[in-house]
């Protein structure tokens, strides 16, 4: 799905119908589904849902809280079925996992049952998987039975439910059939001549490519020991003949859904850590970036918990299992280091967050992880409100607290509670020393174009590593650097590091355009432009030039200096971007005198719900032939608003948060 396709015409998009009166769920869910090409149509009452057009319905989503009584679900589904020729894929949402609600959902034919609350991104992924499977291709089931009538019965029942089947009567031909038909599930008799179902299952499971293939036994065997033996060798379920058609379909569909869920959780290195089965660091950072960028009061109710382990891989795997068991469905657990895990949690308030961290420590202790004496696991946490506006900084702060907790040796979790900007002189001296000794890291944030772009674009920004391992974002240390006269030192490091990165891009045959900030304090030196030219010439970067960024508020203090530097840079083929442009008088004064090629609008304007001032500003910028950049993009709704306003370039956590490598795939961004 490309950026422009996010704002696609909804007329032809498949629809997911949702019965719910929960606006906190429906609004963000609609935006995320739209970004993937699905329309979400919401109905507050069953009566309105019944009156809807079922022709475009790809999935039916029912919040059980929206029903007068959960037992009415079956009748509602029956009424809806009368209006459509095909069975309706049904997913139920419920605040709990009690057996009564699950039975109601199962008897109504639900494909899945999702316990709420759940992160809206996780819910979107689950729905896309279910809706996509229905739309793309039917499930495939291999029926293995030496009795032709029994095999035909099972195949016909499954085919009536939209499942593609293949029948095999000779058990010795199963492996060939697996290779030729490539089923999603095997439905197999237990007793067959030549090879039993148990023997075939052992052979199938010995091959890695079939290790996760669901196998369901359908047999007249009544001996419980034989049934258990079939499950012990690798069977997933056992159905006794004769089986009711609806029960056969329900069982097979549930097993297929579980297999898809397992595959989704193992969707690759970008999403899942291969060793622990938890989310990857990249996935967690992406989610953190979205939440931090979104801001609001919710950041006070979320925290990142980091667990620092003194142990080996087996210990890490056991810890991962214990953490996953302790997390709720709405939490996100991930592996974030060689011997460290993290969990993103959300609770009702700050006190609940602290209690949740304490409960996690208690559960780990009961699971056998030593917290005292000399704890093997240190637990540290930091609220998103104390993130410093940056996912990487948040991670470093929670990790710092975890290391401190392990060193303290008292077995207690430790929260990060320091002010974002060091207050005491010794801490400020440590930051100054880090700048002088260049204990800095470079991060890259992709900037995507809504029209065809000549190359990849990234904004580069520094992170400062304090002696205790915390990574500070520029908003934390830049003011201190300026007060202590270290702005020029910081500028020089950033310029040199960015040009080194450009050199690496050139050598790898992957050209990129890098945007980097420089202060007008450093640019005020008479030899500033000459030094940049020398740095470029020394690296032979004749065809690759960086984009220099100036802050509008700095340029407003000396528009003459800013205009002169922009003109001199232009003669070297180096474009300039003005950051923080708004509709105020200072921005207008700078724009009138400084001929920058790019203008990045102030985040407050880019994220404002009032679209008219933004559209007016973008129009004025484009009349001046400025390419317009908008940052802080954290949702499809913001993308839609920015596109309508005429913005040229986008960046933010919804695109990809800053990372240590330039790995964004720009190939799918453009619509042409």
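Glycine is treated like the rest: Cβ placed from N, Cα and C.
For 140-256, the entry in TrEMBL reads domain 'Response regulatory'.
Annotated domain 'EAL' per TrEMBL: 424-672, in sequence order. Confidence across the domain 'EAL' (424-672), taken as the mean pLDDT and rounded to a whole number, stands at 87.
Per TrEMBL, 4-aspartylphosphate is recorded for 189. Following the DSSP three-state reduction, the secondary structure of residue 189 (4-aspartylphosphate) is coil.
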Set of same-chain residues at least 6 away whose C-beta sits under 8 angstroms from residue 189 (4-aspartylphosphate): 144, 145, 146, 147, 150, 197, 217, 218, 219
